[in-house]
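Here is what TrEMBL records for this protein:
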{"type": "DOMAIN", "residues": "43-78", "note": "domain 'EF-hand'"}
{"type": "DOMAIN", "residues": "79-114", "note": "domain 'EF-hand'"}
{"type": "REGION", "residues": "170-193", "note": "region 'Disordered'"}
{"type": "COMPBIAS", "residues": "170-187", "note": "compositional bias 'Basic and acidic residues'"}
Amino acid sequence: MSADNELTAKLQRRLNINEGDEEPSPNSHVFNPYTEFKEFSRKQIKDYEKMFKTYDVDRNNLIDFNELKLMMEKLGAPQTHLGLKAMIKEVDEDNDGAISLREFLLIFRKAAAGELHEDSGLGKLAELAEIDVDKEGVKGARDFFSAKIEEQSKGARFEAEIKAELEEKKREAEERKMRRQAFKEKQAAFMSA
């Protein structure tokens, strides 16, 4: 198959999927927390991700039973064996007996939506995480116009966060450049002496 024919076939398949005439392959879903969890800011998602990685001791991108037990103990809310199993079961969508990053983010989505009991393990986890989760999303808006305004402000906030991150990286790069220049000047002075 030539490159043109292959590209045409891929584009046709994408068009069919977008039109609803064809289903995407089950393994084609790529998880992007920023697009799936729009109710959280980029900083919040990064904070949740950092917390997730802190307790993912074996670095397999899952928090298993023992890691969840350790997490809850360190957060000061130890759970019983059955309590831990219930916590995993409540968000374990793929039934693998562990919590993925997506499922971890679901905990905070459910907490923000008020779907968790405060005395449940997941409720305590969300409460103890001490990350400011937006209490009201578009779903909580009273009418269409306030929902529209809120959605637009989220987009602006998202763009502002990206700009701030880029400015921070630019500033750090400039500092590194200045330190290198100062080092070269000192090195030149040392070599000429």
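Placed from the backbone N, Cα and C atoms, the Cβ positions cover glycine too.
Counting only same-chain residues 6+ beyond the ends of the domain 'EF-hand' (43-78), those with a CB under 8 A from a CB of the stretch are 33-34, 37, 84-85, 87-88, 96-101, 104-105, 108, 121, 124-125, 128-129, 131-133, 161. With a cut-off of 8 Å between Cβ atoms, the residues of this chain six or more beyond the domain 'EF-hand' (79-114) that come close are 31, 33, 36-37, 39-40, 44-45, 48-49, 52, 61-65, 68-69, 72, 120-123, 125-127, 129, 131, 133-135, 137, 139. Taken through DSSP, the region 'Disordered' (170-193) splits into 23 helix, 0 strand, 1 coil. Taking DSSP states H, G and I as helix and E and B as strand, the domain 'EF-hand' (79-114) has 23 helix, 2 strand, 11 coil.
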